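Here is the structure we will look at.
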């Protein structure tokens, strides 16, 4: 071909006569040009005409290169195919070989139009960047629109496809350059098609069947509650006071025959708890006896074996020395006596048969005791089934968002009380009020007011700007910074307090960076629960564990607790952050809107792929062009993947936004901030004093309330309505209802059933594996139970099991490893579900107050897998530390 021969001669001649050593046009000796990761030709590497800044920029970008087609392989046929491509693809730096050949062809024939090749012109002169004129952009849009189809639905409901779209307009989505106000601010919350402004499900209005079926089911539930509560009276169990004489057996005749095969007996006196039973020889023995004749008086006369029969196993309670009767604390002990079915039938078949409670001691002194007996206790076998049903009912209401979670908790707790009434164990109003943990409610109320006043100072906006500044607008740096701060704060403050402080900062930062706050809020809540595991004051379960006198006397101090827990917490934090990076590998899942540059990259990938797809792979010339296009596609995909995994705010937007934020959000009220800071130091100091038994005078709730009262006094707040309007009253009511529900479930026997099952499993294995099995069972049972049941009653129940297992010398189980397993279990298990920990519910309430909302399932999808991985990692840590290396 004469054309190619002339072209090669021209290129050799031009190469020999060229005086510009930095020419960007590759000679025939150059095997291939290179294109860097930004799409810039590697032939520019030797261009000395650019500015030093531009050279530095190009040098920093020249990290990844791919080879394109060498000039010597460009044929006339492949050049003809290249000319049919759209201008945007023809002028791309990756097509530099074709551009150079076309330029030489144009010069040989005297019809050179250098404007047609701005890249080549830039390579030869000063390396200027590519610029497209308006005419090329219009041609490019026409080419792109060849691949765009829109499906629309006409009035008849038929789908029609509209092709060859002439114009595509995109509604611009505003970028947020300033922080929000107290609530929603200047950003539109995420749209949910099925959620209205009140946070309820709109499906009820769209589907009348669902709406009326929900009303009918709830009405039937109300009827059941109403019928049980009206028919059954409150159970009143009056205490009786007895004096046990030395050397004699006290017989107390029950006024009525038992209505079931079980009798619940509660004693109060100067008793010793079970772990200390081996340090005393003084016992109180209690058992039931059946009489076949009627007694008219409460006599202590001993009956012959023909008229009296023992119908229960004896119950031995260790008691203190008689010298300590006046100073020892009163301890409550409870026992269920099981009557054998044959004895129960004989008792009811015998005329005049009675049951009496026999009590005697082996000390030479009179001993006073208070006794309560319940002749119709809840059948635990049936109660466990009812308790499981109530919990399932609650989670159905919450998971499918049939009603608001607060209303669901109220309905479930009322249903639980009505079931207790149906089981002849209806609690009194005094009992129900006692079930509510007033300390927790008081702490939540006080900290909500404190945070509301702190928000008026502008400190949350100021801290948001500072974190935005130190993270340089990088999304993952921001997330890790927030999570780390949450872990550190939660180690020394209550989880609820930590979430109340961190949630407003998180929401404001997310709004600045155009991110969806919901995933980040859930992430900091997870880290709040993890951080609370570190110290004895970080989470209520830890307080319950470390306040046990038996555990304290066996070497579990503040320092030993923190040292053993800190290692596990560090491991869990690392794995959790890795888990988050895997879940949100696509950074767009964290954004409110997809960035424009990512949309452009996706569009370019489709354009280049379809351009390559239109070239038939039937000849070598066509394959040359096709391979060049596919290499460009690969490069664009790499750029897209890199931008998805490393989300950041563009530098110009970051700088302008930071300047505007610093200008618009300074500290608004410095005197109020100073006063609030003093009060915060005061409250935190009281929190730390509470962890020291010798200085323990005020609970956390009282400490927070006194601090808030002090702040209201020194800040001279007159508008209390504005302050109280920031309190999350639905959240407080939710906690009150949940406390009532959990106590009712415990009264039905569910918690005891879990505890006995745990103890049975541990005792069933061999002695060599007993410690490992005990750690695994205690950790996983407490974690999984705490994910669905409140962690406070679970921890209180499991503490008794741990102490009992440690007190049995024949088992050979050390106490401390079981204590660490119990501390990890409820704290990490709280991450499993939305109602697993108090901090989770508080975070959901704050998010809803700011215009965002996440459901039970939204949190479950993130929290439950993290909980499983955390507990699994903790299991490995405890096994290695205490079974393999015996750290304890």
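Cβ coordinates come from backbone N, Cα and C, glycine included.
Not measured: the values here are computed from a predicted model.
Residues or ranges marked as compositional bias 'Low complexity' by TrEMBL: 17-35.
TrEMBL lists 53-65 with the feature compositional bias 'Basic residues'.
Summarising the annotation, TrEMBL assigns domain 'Citrate transporter-like' to 395-825.
Sequence annotations record features per position, and here TrEMBL assigns region 'Disordered' to 15-66 (among others).
Positions annotated as region 'Disordered' by TrEMBL: 124-144 (among others).
Listed by sequence, the residues of this chain that lie at least six past the ends of the transmembrane segment (382-400) yet keep a Cβ under 8 A from its Cβ atoms are 408-409, 411-412, 415-416, 419, 423, 741, 744-745, 747-750, 753, 788-789, 834-835, 855-857, 860. Taken from TrEMBL, the feature transmembrane segment applies to 382-400 (among others).
The transmembrane segment annotation in TrEMBL covers 406-423 (among others).
Annotation source TrEMBL lists transmembrane segment at 435-455 (among others).
Per TrEMBL, transmembrane segment is recorded for 475-497 (among others).
Residues or ranges marked as transmembrane segment by TrEMBL: 558-584 (among others).
The transmembrane segment feature in TrEMBL is assigned to 672-692 (among others). Note on the transmembrane segment (672-692): residues 450, 453-454, 456-459, 492-494, 536-537, 546, 558, 698-700, 703-704, 706-708, 710-711, 714-715 of its chain, located 6 or more positions outside it, place their CB under 8 angstroms from a CB of the stretch.
Annotated transmembrane segment per TrEMBL: 698-715 (among others), in sequence order.
Taken from TrEMBL, the feature transmembrane segment applies to 727-745 (among others). Residues 387, 390-391, 394, 404-406, 409-410, 412-413, 416-417, 419-420, 427, 432, 435-437, 440-441, 444-445, 448-449, 452, 751, 789-790, 792-793, 835, 838, 841-842, 845-846, 849 of the same chain, all 6+ positions outside the transmembrane segment (727-745), place their C-beta atoms under 8 angstroms from a C-beta of that stretch.
Taken from TrEMBL, the feature transmembrane segment applies to 769-789 (among others).
Annotated transmembrane segment per TrEMBL: 796-813 (among others), in sequence order.
Panel annotation: around the transmembrane segment (859-887), residues 399, 519, 522-523, 525-526, 530, 564, 567-568, 571-572, 575-576, 579-580, 583, 771-772, 775-776, 779-780, 783, 787, 814, 816-817, 820-821, 824-825, 828-829, 831-834, 836, 840, 844 of the same chain, lying at least six beyond its termini, place a Cβ under 8 Å from a Cβ of the stretch. Summarising the annotation, TrEMBL assigns transmembrane segment to 859-887 (among others).
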For the transmembrane segment (435-455), could you work out the same-chain residues 6 or more beyond its ends whose Cβ comes under 8 Å from its Cβ atoms? 182, 427, 494, 496-497, 500-501, 504, 540, 672-673, 676, 679-680, 683, 699-702, 704-705, 707-708, 711-712, 715, 717, 723-724, 726-728, 731-732, 735-736, 739-740, 743-744, 792, 838, 842
Short question: which residues 6 or more past the ends of the transmembrane segment (475-497) have a Cβ under 8 Å from it? 443-444, 447, 467-468, 505-506, 509, 513, 515, 520, 523-524, 527-532, 534-535, 537-540, 569, 573, 576-577, 580-581, 587, 590, 646-648, 684, 687-688, 700, 704, 837-839, 842
